[in-house]
């Protein structure tokens with residue numbers, strides 16, 4: 001993943017819009033996110049454990065006074081132009097619908113924006129399950145409100161970004177991605193109860209190990225995937241559990257002990273497996289956080305592996321690419337934990353690998369993956385960073 005520098009971003013902004021004077025121009029950054037454990041639990045009111053990445057989306061912005069928005073991106077060829085008076089979803093605007101949706105949601109809150117000229121640059125791969133959509137949404141929301149002198153707290157902005165994806169884009173995302181992008185902290189993972197929004201910043205002390213993200217290079221189109229189908233299956237499971245316990249509001253309330261008692265009411269085997277994953281994954285998150293706090297990194301790694309197996313066997317969201325990576329990485333040199341991360345159906349895995357074995361790990365996994373799948377994966381040795389902020393820039 002490339003490193004961005006403020007001077008380069010300002011130059012690109014000036015060239016993209018033929019601007020001679022860079023006055024009143026500001027730069028903001030929102031990270032991508034990687035979820036260490038706790039997958040497909042966020043929309044079920046369960047626990048998640050994500051962290052903000054040091055890679056993400058940069059936004060260079062200059063306010064206008066004509067109610068127009070002129071958008072360009074280093075990552076896409078198309079430019080997007082629209083007005084405050086026309087904030088409708090438009091398929092031809094493609095990626096531009098994400099910032100447009102944010103502006104539309106802010107307008108619903110009564111926020112009167114003057115228009116803006118905006119340039120984006122992202123260094124997280126799109127469709128890889130590292131929350132490029134939450135990243136561009138949060139950087140747009142945070143940057144626009146900061147430039148306009150409007151004080152909206154980060155939790156409210158995260159909820160606004162979730163509404164944008166749900167209502168404007170049409171993807172039923174949970175709140176985890178936006179929350180992690182907004183509330184991330186360097187070298188910490190975010191233990192979040194997605195029902196109450198109570199959270200704890202837990203230090204990620206890797207003691208000679210590194211986080212390695214492996215991109216399967218199979219793009220994962222979230223809106224076109226079976227994400228919404230899984231969400232509906234969980235809703236069906238919850239409805240059936242309520243036959244025995246009527247006061248359940250979400251699956252995140254169901255402990256393993258409760259499921260042992262209530263589970264048999266679910267007669268459909270597929271629905272039963274979907275619910276079982278959510279219940280056991282919540283338990284794994286709690287155990288993983290406890291293991292990290294106790295310095296038990298090996299235990300944390302084993303829980304990561306168990307998470308992937310549940311996502312494969314009970315939730316059916318892995319696929320041949322992610323399963324191939326998992327099988328190779330679980331036995332690769334220096335790897336003590338690995339799992340798919342994100343919604344699945346392609347995208348990435350996250351692994352904990354000893355820093356002295358990273359090259360050997362990558363070699364073994366790359367060769368095995370290419371032999372079976374036909375093309376190579378891409379590796380990113382990464383760390384956890386801060387949430388959305390005004391960016392002061394590199395060199």
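Easy rule for this one: first residue shown is 1, then count along the chain.
From the backbone N, Cα and C atoms, a Cβ is placed for every residue, glycine too.
Substrate binds 39, 40, 41, 42 as Swiss-Prot records it, and from the list 209, 227, 272, 369 the residue named for this site is 227. For the binding-site residues 41, 73, 132, counting C-beta atoms within 10 A of each C-beta gives the highest total at 41. Taken over all pairs of the listed ATP-binding residues (73, 127, 128, 129, 130, 131, 132, 133), the Cα spread reaches a maximum of 20 Å, rounded to the nearest whole number.
For the binding-site residues given as 131, 133, the lowest number of other CB atoms within 10 Å of the residue's CB is seen at 133. When every Cα pair among 39, 40, 41, 42, 227 is compared, the largest distance found for this substrate site is 12 Å.
Cα of residue 40 (substrate binding site) to Cα of residue 177 (active site, proton acceptor): a distance of 11 Å.
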